[in-house]
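Asks: What follows is a structure written as structure tokens; I'll ask about it next.
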């Protein structure tokens, strides 16, 4: 595996080939605040699979670096590596995990196709996965006036908004510096430009937020059905039945992201959609969810400090030695904590020219 990663960095194309070997450990390239990455990480936790995780920092534009673009020409996280197989895009990764690890010790998150629950789970999974989460995310940054109680600090929102325009020029520069990846960089540049034209359109954002409410109405009705089907002494059900399924993965991570963006009160606050509110509160207490995603909405712990540590480690001279480097990291962590409300995030983001969040 190490050899294959060296090849990726050297420009040798990576191939997806051969049957999956369940004995080979999984490697996941992800970013903590990536919505798609969060779904994959929750699935891995629910299935109790051993996985080596590597952060690909979006604030530091590591997903645009040549080695990663050779791993996934779209330049997007997550990416799963399993032996000789490289799987990109969250839905494909989740399907791969569900279809590959079939032993009795590994929990199944999708009912058998002949089961009465299969159509229900498949419907809600597809419905929830069709939501334009990237548009909600970018939209709340570009139009924070549409959010309430957003967990993204105001200074970070301002900083990110001012840097979004730099992404195109960064990709153009990388395309010029890496001729073998020029086509991939140009394609990503075009996709990003097209997205931003929509995401900066406040009418479009209001439209998709209204459509989101219709989807959540369906979910609320389905949760009510589960409550009516369950005897008082029975186990509390999930979205499609007694078992936690891929539909629940999609719903749980969606609600957590909406809470982070500042769309919770609009969609399940003040007694609106009470079943949805109860469901989300229950999800927060689920052991696997709490382990994987319990801290991600705290931007200090999940983004600012890890980025600070990464920058400090990269910039610390090798002659300092490991002990002093660790001391610097601890000191920076304390410094970050004390100055978080005084715009530490802006300082960290400013350490690298032209960062982007896409």
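Note that Cβ sites are derived from N, Cα and C of the backbone, with glycine treated the same way.
Residues or ranges marked as ubiquitin cross-link in Swiss-Prot (evidence: similarity to another entry): 50, 172, 173, 188, 190, 203, 206, 207, 214. The feature domain 'GST N-terminal' is assigned by Swiss-Prot to 24-105. Swiss-Prot lists 153-309 with the feature domain 'GST C-terminal'. If you look up Swiss-Prot, you'll see 203 marked as N6-acetyllysine. Per Swiss-Prot, the feature region 'Required for mitochondrial localization' maps to 320-358; the stated evidence is similarity to another entry. Sequence annotations record features per position, and here Swiss-Prot assigns transmembrane segment to 292-312, 320-340 based on sequence analysis.
Help me picture these features in the structure, burial and contacts included.
Replies: Mapped onto three states, the DSSP output places residue 50 (ubiquitin cross-link) in coil. A 10 Å cutoff on Cβ-Cβ distances gives residue 50 (ubiquitin cross-link) a total of 7 other Cβ atoms nearby, all chains included.
All protein chains considered, the CB of residue 172 (ubiquitin cross-link) has 14 other CB atoms within 10 Å. In the three-state DSSP scheme, residue 172 (ubiquitin cross-link) falls into the helix class.
Residue density at residue 173 (ubiquitin cross-link): 13 other Cβ atoms are found within 10 A of its Cβ, drawing on all protein chains shown.
According to DSSP, residue 188 (ubiquitin cross-link) is assigned to a helical segment.
Around the Cβ of residue 190 (ubiquitin cross-link), a 10 Å sphere holds 12 further Cβ atoms from the protein chains shown.
In the three-state DSSP scheme, residue 203 (ubiquitin cross-link) is classed as helix. Neighbour list (residue 203 (ubiquitin cross-link), Cβ cut-off 8 Å, at least 6 residues apart, same chain): empty.
Of all Cβ atoms in the protein chains displayed, 13 besides its own lie within 10 Å of the Cβ of residue 206 (ubiquitin cross-link).
Counting every protein chain shown, 11 other Cβ atoms lie within 10 Å of the Cβ of residue 207 (ubiquitin cross-link).
In three-state terms derived from DSSP, residue 214 (ubiquitin cross-link) belongs to a helical segment.
Per-residue pLDDT, averaged across the domain 'GST N-terminal' (24-105), gives 96.
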Asks: With a 10 Å radius around each C-beta, find which of these recorded sites (188, 214) has the fewest other C-beta atoms nearby.
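Replies: Counting other Cβ atoms within 10 Å of each of the recorded sites 188, 214 gives the minimum at 214.
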Asks: Distance check, please: Cα of residue 190 (ubiquitin cross-link) against Cα of residue 173 (ubiquitin cross-link), rounded to an integer number of angstrom.
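Replies: Pair distance, Cα basis, whole Å: 14 Å.
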Asks: Counting distance between Cα atoms, which of the recorded sites 50, 173, 188, 214 is nearest residue 207 (ubiquitin cross-link)?
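Replies: When the Cα distances are compared, 214 comes out closest.
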